[in-house]
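A.B. asks: Sharing a structure with you now.
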C-alpha cells in the first residue's frame, strides 16, 4: 500500500503502569516522591559544588553536570506520568510523543557518555596521577562534557528521524507510560524489520559499548589499587564503588531493553522505571553518602544558610 493512502495518527494513548485506580494512586505517590528527590537532591549537589571552592576538582565538576543531566532526564517523562496517574489523561499528541522520544534519548545517551568520561577521570586520577592535572584541565573537562552532549544529540536525532519516516495509521496504543522507540515503532503500518535492527544497533551498541569501557576502566583501577594499597587509593576505590552502582542501575536495564529489535521479546515497562526514575533518584544518595567531602560541604552550606 502506498504511503499516501495512510491516514496519519494525530495522537497516541499511553497505557501507563496500571488500570486499577488504587494502584494508580500508589504509583502517583511513589513517582511524586521520586521526582521530588531527584529535583531536590541533584539541585543540592549542583549548589554545593558551585558554591564551595574546595569542590573544584574535575570529579566534582563532572558530578555537577551529571546532576543537571539527571534533572533533565527524569523531567522528560515524570511530569506526564504524574498527570496521567492523577487525572487519567493518557493521550499524547504525535508531535509531543516525538519530542519526548527525542529528548529522552538525547539526555539519556549524554548521561551514558558522561558516566564513561567520569570513569576515565577516575582511571587517570588513580592509574596516571602524575599526568592527571595536565590531562583533566578545566578546558579539557569542558570539551569532554560538550562532546557528551554532541554525541547524545547525534544519537537521538538518528533515532527520531528513523521513527518519523515510518507511516502511522493505527492502532495508536503504546504499551508503556512514555514514548520510546521500541513501543512506538511497533505501531507503524509497514515492515519495520530494517528500522528495528538499525535502532537496536544504535541504542543497544552505544549502551553496551559504554558499559564495556566502564567495566574495563574499573578493572584497571581495581588492579592498580590491589597492587598499591594505601589510604589514598582506598578512598579513590570507594568513590569508584559509587560509580559502579550508578552504572549498574542505568546500563544493565538499557542493554536488556535496547540491544534487540522490537517484538523479539515482550517489553517490560517496569524495567524502564529503573533507568528513567530510580537511577536518577539514587545518584544524589550514592554520591553524597559515599563522599565525605560533599557531606562536609553540604554541612557548611547549611550553616551559612542558617547564619
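Along the chain as shown, the residues are counted starting at 1.
Each residue, glycine too, has its Cβ placed from N, Cα and C.
So TrEMBL says this about it:
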TRANSMEM  25-47  transmembrane segment
DOMAIN    41-287  domain 'G-protein coupled receptors family 1 profile'
TRANSMEM  59-78  transmembrane segment
TRANSMEM  98-120  transmembrane segment
TRANSMEM  140-158  transmembrane segment
TRANSMEM  204-225  transmembrane segment
TRANSMEM  237-258  transmembrane segment
A.B. asks: Do any residues of this chain, six or more beyond the ends of the transmembrane segment (140-158), have a C-beta under 8 angstroms from a C-beta of it, and if so which?
C.D. replies: 58, 61-62, 65, 102-111, 113-114, 117, 202-203, 206
A.B. asks: What mean pLDDT score does the domain 'G-protein coupled receptors family 1 profile' (41-287) have in the model?
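C.D. replies: Computed over the domain 'G-protein coupled receptors family 1 profile' (41-287), the mean pLDDT is 85 on the 0 to 100 scale.
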